[in-house]
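Shown next, in structure tokens, is the structure this report addresses.
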Amino acid sequence: MASNEPEKSVREEEGTAAAAAGEEEDTGAEFAPIVRLEEVAVTTGEEDEDALIDLKAKLYRYDKDGNQWKERGTGTVKLLKHKETGKVRLVMRQNKTLKICANHLVTAATKMQEHVGNEKSCVWHATDFSDGELKDEMFCIRFASIENCKTFKEKVEEIAESVRRSDATEENKEASDTAGLLDQLTVSETTTVATPSKEAESKGDTSSA
């Protein structure tokens with residue numbers, strides 16, 4: 001009696017091959033996600049500005065009540081120039097949380113000073129808006145290298161000097177415009193006083209007759 005083992009083996013192999021083919025076959029089924037997340041546009045408020053400087057640093061704020069420096073945050077400090085107005089502001093955000101720890105304009109009064117005993121740090125005063133209201137603050141910023149500190153300090157001073165020149169030009173223009181208006185007013189008054197009216201002229205002609 002012939003054995004059926006080879007046929008059984010062939011059938012098993014064919015069944016295994018068919019199963020494998022079935023596994024590889026693409027059924028075309030689509031599975032929709034349980035939760036659909038919508039894309040949300042995130043704005044930083046910096047879309048209309050160009051970054052002049054972007055450096056990592058650690059910021060400190062002077063606590064007047066406690067008479068000591070307190071850490072404000074570690075993150076990235078930027079000097080951002082507005083594309084339309086040309087005004088430059090200093091903005092610093094903390095790492096990960098992106099919370100703003102400094103936010104103020106660089107003005108003609110902005111003056112950077114080296115922190116005594118540390119060439120990697122500099123100090124300055126500013127009217128800051130990082131907490132949602134204007135506050136007079138004294139900041140100290142520390143960089144990883146002397147070069148970064150120098151770059152930051154020189155750029156801020158360059159911008160402040162540019163603002164001072166611009167303000168001086170505006171003041172001179174306003175003074176010149178005001179002087180011009182005064183000259184016109186003086187000339188107008190002089191002309192009015194010096195020129196007799198037509199009525200007076202006609203009376204003069206009658207009296208002489």
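Cβ atoms here come from the backbone N, Cα and C positions, even for glycine.
The feature compositional bias 'Basic and acidic residues' is assigned by TrEMBL to 1-14, 164-176, 198-209. Per TrEMBL, the feature compositional bias 'Polar residues' maps to 185-195. According to TrEMBL, the feature domain 'RanBD1' maps to 30-165. According to TrEMBL, the feature region 'Disordered' maps to 1-32, 164-209.
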Residues of the compositional bias 'Basic and acidic residues' (164-176) by DSSP state, where helix covers H, G and I: 13 helix, 0 strand, 0 coil
Within the predicted model, mean pLDDT of the domain 'RanBD1' (30-165): 92
